[in-house]
Amino acid sequence: MNQKLFFTALIVLFVLSGVSHYGHWGTIPEFILSALAILFVAGFLGKATESVAHYAGQRLGGFLNATFGNAAELIIAIFLVRAGEFEMVKASITGSIIGNLLLVLGLSVLLGGLKYKEQTFNVQLAGHNSSLMILAVIALFIPAIFVSAEHFSIDQDRTLSISIAAILIIAYILWLIFSMITHKSILADEEVTTPDHGEEPAWSKTMSIVFLVVATVMTALVSEWLVHTLDSFSERFSLSAIFVGAFLIAIVGNAAEHSAAILLAMKNKIGAAVEIAVGSSLQIALFVAPVLVFVSMLFGETMDLVFTTIELAAIGVAVFIATSISRDGRTNWYEGALLLCVYVILGFAFYLV
Amino acid sequence: MNQKLFFTALIVLFVLSGVSHYGHWGTIPEFILSALAILFVAGFLGKATESVAHYAGQRLGGFLNATFGNAAELIIAIFLVRAGEFEMVKASITGSIIGNLLLVLGLSVLLGGLKYKEQTFNVQLAGHNSSLMILAVIALFIPAIFVSAEHFSIDQDRTLSISIAAILIIAYILWLIFSMITHKSILADEEVTTPDHGEEPAWSKTMSIVFLVVATVMTALVSEWLVHTLDSFSERFSLSAIFVGAFLIAIVGNAAEHSAAILLAMKNKIGAAVEIAVGSSLQIALFVAPVLVFVSMLFGETMDLVFTTIELAAIGVAVFIATSISRDGRTNWYEGALLLCVYVILGFAFYLV
Amino acid sequence: MNQKLFFTALIVLFVLSGVSHYGHWGTIPEFILSALAILFVAGFLGKATESVAHYAGQRLGGFLNATFGNAAELIIAIFLVRAGEFEMVKASITGSIIGNLLLVLGLSVLLGGLKYKEQTFNVQLAGHNSSLMILAVIALFIPAIFVSAEHFSIDQDRTLSISIAAILIIAYILWLIFSMITHKSILADEEVTTPDHGEEPAWSKTMSIVFLVVATVMTALVSEWLVHTLDSFSERFSLSAIFVGAFLIAIVGNAAEHSAAILLAMKNKIGAAVEIAVGSSLQIALFVAPVLVFVSMLFGETMDLVFTTIELAAIGVAVFIATSISRDGRTNWYEGALLLCVYVILGFAFYLV
């Protein structure tokens, strides 16, 4: 999209969303405007992060990109945590994971596969990612299993959730050390096919930092406005908190990844598309989820990591089929269609809850 | 088997079974005769389908073979659906899947492996099949998980089952498009090792069509007679409906695949044997099961796709170990023995229910 | 460790442990001394087994090594069975499996990986082991699923457990036939990288047999002393039977494997380390667990194979991530760290029970 057009839309939607919020225009216009605005501010935040990352040098830049890649989702989730909407937070974490693994990956593989008969990517990286993904699944399953099977008290439940959150953050830091320091070279082959982070950014260093600050503030504001409308919106259309969190919020919050991954797949860079989809899921599970546990402690009430049975089923199912499909390093349109079938099945099931 | 002998046995058993049914000879002779007769009429139906498929040309023929390969099981299941025996239908779907993945595949790999030290087959095809199998497992697990965890009402339950059935049929049609149109050439290597569908059929075109009609009618009749004895038979021997459905009916209904796959494995065509076993399971899960949901609607009461915990456990276990064993494209006798061990364990467990 | 020093420590600790036991020194000294003593007697038993195996010739020796490799654990478990501590027996089986797959394998891969950037091993063997491991998981899951979903009576439960135990022992014997007779040559490549069982043993044939008898008797005695202190020890520190069984006993009983595997990994023989860790888990699940069922029948009360939900979750999780990591035949330090993360998460969770 043309840059001037992008900024015009960004500013118009941001202003309209703010006006609708403070002017109490009502649930539907407020929801639509804040959802549209978040698409653009999240895109802006992503560009600003990339630009700052460029000036920060390769190593720190890689870290910034990896860690703040889901900044918009993190900010939305923090507002949900502050509002005590723990159920919706966990639903949106679930939704981000399955959205990335099924919708983003599914669309990328399907559309890429309609253009190219078979697309291939580095299998070794896929192997690493799948082991990390399994750690994430394990970490999210353990609390639910122990809490339900052993009738944990709230205290035991929170102690376990905090311990697991701490271990996940350690695992995440070790992964950064592994992939950016000790085994950078082994994973480097892949970098050729990743998005061209190397191209000259449009903004100067100072401007990039200013933009990053501005984008963060804008994202925070729009997130607050969006979160504010969610309760009355879901009530209005009799949608369950879990459906809103897992499908609506997750799709809106991940829109930037969606378009980036699909465009890459259609340029035959399926490896980069897979990396975006899987990497984003990993960040949500290994970094965003545990950070939110600690954030909730700052607000006075600890959020646990006990997901509901259907959330865990959805995550397990998504990881299982995405891992199975990406294991061989080849994709075709039918595999994309399969991922989308599973997404639609889950969408129906959550909608009926 | 000599063709003349086959037809003699077919007609004798068919007539005897009919006479025993209408003459009320009693549970045991009626059960034994109809079970024996179904072996032969299912074999006859299989041959007639193949012959018609031959004349229909490669593409339509492939479709016919793929879709009517489990015609006998479908017909038996339709009679069970009409009789309102939904529990036994789902048990027989379960039994067909585990029978194909554990018993048929296990015997093929074991007997093939006793003759040849190591047998190999096309790994890429195995990968595709395993992704499809995972979709099938997901589709069968989701209703049970949502119904039990979210206390779905009967309406929600049926809406979900119908939606999933529709998606599975779409996925099945897309698979036919993928494997017979867009990616025919990629999967073509494998075709060399598949059964010689190409050999000249024994019957003329007209005769084949007549035989297909006759075989379908005979299968329908014998299925009805068999279904009719099941209730009193299982009562007589204190067998649970689930055991009868999952083991007795499934073994009888799949006998044709069993012998075909084992013979191929012993001719060192293990790839074709794997394709029969896995392909047949896939058809049951992705085509027969959802079609039965729609068939049940015609008879006035919707059958849902909510399988019991132990059925899902059996399916999950069978898919898991069959996928693990076939992933590397090599088989040996011990892997066959392992599959059979799992089948025997499940058999014991279902027998005790 | 210097052999003289080893024997001195062995005898001193054995005597002290016995004196503390019969002198009623109190829970803590008795526990600590018997735990230390078991480390040394288990090591002694392992060396004696290896030495006898050397003289027994390749085939019988391989069998002895494979089957008595977990002799110490088996002896401890038999004393627990005799004491009717079925819950702790099953916890210690769980603990041995997860200890081998997560702690032993994790430390080996981590420490080996810190020294060597990437370590590789024979993938084909890993494939075989993973199929066997899946059989083991299935065999341990089936009773729990059927008992809870179908409300099995104690009789049904025991019948099922005995049947499964019998099938597992058959599968184990078939595995010995496969790996030592029919497919010895295929697996032989690997043998080059296994521990140097071939080096000249320090003891003569007669001495080895005498030592094997002495070591077995010592292990039995110390096991009895250790088991005797467990109840009051776990009460004293408010530890659940399941935590004591799954973590304390399992770590103590497996110490010999731990040190052997880690030393091999640090000599870049990661294949042998993986074989020890995975092979030991397999023996526990396929041989020790079913044998204990039959042993319990000798003592008059049949132990079933119904594991608790959290034990099964732990076993499932451990097998899943260990299989995922070892599937590609390459390891690096981060994969070891991941395995240890999962072990620590499980440790926290079991501690809180």
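A Cβ is built for glycine as well, from the same backbone N, Cα and C atoms used for every other residue.
Note that the coordinates shown come from a computational prediction; the quantities given were computed from them, not determined experimentally.
Feature annotation from TrEMBL assigns transmembrane segment to C:30-48 (among others).
Taken from TrEMBL, the feature domain 'Sodium/calcium exchanger membrane region' applies to C:31-180 (among others). Applying DSSP to the domain 'Sodium/calcium exchanger membrane region' (C:31-180) sorts its residues as follows: 133 helix, 2 strand, 15 coil.
According to TrEMBL, the feature transmembrane segment maps to C:60-81 (among others).
Under the heading transmembrane segment, TrEMBL lists C:93-111 (among others).
Cβ atoms under 8 Å from those of the transmembrane segment (C:132-154) belong to residues 160-161, 164, 167-168, 171, 175, 278, 281-282, 285-286, 289, 304-309, 312, 315-316, 319, 322-323 of the same chain, restricted to positions at least 6 beyond its ends. The transmembrane segment feature in TrEMBL is assigned to C:132-154 (among others).
As annotated by TrEMBL, transmembrane segment applies to C:160-178 (among others).
Among the features that TrEMBL reports, domain 'Sodium/calcium exchanger membrane region' is placed at C:208-349 (among others).
Residues or ranges marked as transmembrane segment in TrEMBL: C:209-227 (among others).
Per TrEMBL, transmembrane segment is recorded for C:239-264 (among others).
Long-range contacts of the transmembrane segment (C:276-299) within its own chain (CB-CB distance under 8 A, at least 6 residues past either end) are made by residues 66-67, 69-70, 73-74, 77-78, 81-82, 86, 89, 93, 96-97, 100-101, 104-105, 108, 126, 129, 132-133, 135-137, 139-140, 161-162, 164-166, 168-169, 171-172, 175, 195, 254, 257, 260-261, 264, 305, 322, 326. As annotated by TrEMBL, transmembrane segment applies to C:276-299 (among others).
Look at TrEMBL and you will find C:305-326 (among others) tagged as transmembrane segment.
If you look up TrEMBL, you'll see C:333-352 (among others) marked as transmembrane segment.
Each of C:30-48, C:93-111, C:209-227, C:239-264 was scored by its Cβ pairs under 8 Å to the transmembrane segment (C:60-81), and the highest score goes to C:209-227. Below 8 A, the CB atoms of the transmembrane segment (C:30-48) and the transmembrane segment (C:239-264) form 3+ pairs separated by six or more positions in the chain.
Cβ atoms under 8 Å from those of the transmembrane segment (C:239-264) belong to residues 35, 38-39, 42-43, 46, 69, 72-73, 76, 80, 85, 87-92, 94-96, 98-100, 103-105, 107-108, 111, 195, 226, 230, 233, 270, 272-273, 276-277, 280, 308, 310-311, 314, 347, 350-351, 353 of the same chain, restricted to positions at least 6 beyond its ends. Listed as Cβ neighbours of the transmembrane segment (C:305-326) (distance under 8 Å, sequence separation of 6 or more from its ends, same chain) are residues 90-91, 93-94, 97-98, 101-102, 105, 109, 126, 129-130, 133-134, 136-137, 139-141, 143-144, 147, 157, 160-161, 164-165, 242, 246, 274, 277-278, 289-290, 293, 335, 338-339, 342, 346, 349-350, 353.
With DSSP states grouped into helix (H, G, I), strand (E, B) and coil, the domain 'Sodium/calcium exchanger membrane region' (C:208-349) comes out at 118 helix, 2 strand, 22 coil.
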